[in-house]
Amino acid sequence: MGMLEARELLCERDERTLFSGLSFTLNAGEWVQITGSNGAGKTTLLRLLTGLSRPDAGEVLWQGQPLHQVRDSYHQNLLWIGHQPGIKTRLTALENLHFYHRDGDTAQCLEALAQAGLAGFEDIPVNQLSAGQQRRVALARLWLTRATLWILDEPFTAIDVNGVDRLTQRMAQHTEQGGIVILTTHQPLNVAESKIRRISLTQTGAA
């Protein structure tokens, strides 16, 4: 039994099958990239794995239990960062981290922002930051969260090369400590092929 399991997932949109019979099992320490052409259903799959959407058939299990039966404990173990940063634009970068991580002290939040490349921008309202900086505010949570499972939809969007390298290193550290990372990205990952598992979406499931 793996940590996270997709079992015979079917997803249809507008009378079109995105994928069917999609099954896979993820274990502690795995780093997974979901691949596929535009419109293949990558974001849709991530939303199914987070429990935000339901498949047309099949189920997702966490530690052997269907998500709907363990929703609270699952979400305590999950960090989801989607296409939209999901941050409060009227708050500062530092206030955003305090909002999402109420048990984190100011020093920890400042360190997380520095790791994300936002040193010197802590007290600026998010609506005054660039798109890339706003993305970094959301991604700074990677240095604070205690969640086991990270699901990240295009985390490198609007991030420069140095930022991508820093984020990649943080993901590597998380998986080395037994965490799981699932992501989509159009950018090449500067990681040894042996460290990345790729699940390619096709209409008949995963290739």
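Just so you know, glycine gets a Cβ as well, placed from its N, Cα and C.
What Swiss-Prot records for 4-207 is domain 'ABC transporter'. Per-residue confidence over the domain 'ABC transporter' (4-207) averages 94 (mean pLDDT, predicted model).
According to its DSSP assignment, Ala40 (ATP binding site) is coil. In the structure as shown, the Cβ atom of Ala40 (ATP binding site) sits within 10 Å of 17 other Cβ atoms. Swiss-Prot lists Gly36, Ser37, Asn38, Gly39, Ala40, Gly41, Lys42, Thr43 with the feature ATP binding site.
Other residues of the same chain near the ATP site, with their Cβ within 8 Å of the Cβ centroid of Gly36, Ser37, Asn38, Gly39, Ala40, Gly41, Lys42, Thr43, are Leu18, Thr44, Leu201.
Annotation: Thr43 carries the greatest number of neighbouring Cβ atoms among the binding-site residues Ser37, Asn38, Thr43 [cut-off 10 Å, Cβ to Cβ]. Packing around Gly39 (ATP binding site) is summarised by its Cβ count: 12 other Cβ atoms lie within 10 angstroms of its Cβ, all protein chains included.
All protein chains considered, the CB of Gly41 (ATP binding site) has 24 other CB atoms within 10 Å. Around Lys42 (ATP binding site), a 10 Å sphere centred on its CB holds 24 further CB atoms from the protein chains shown.
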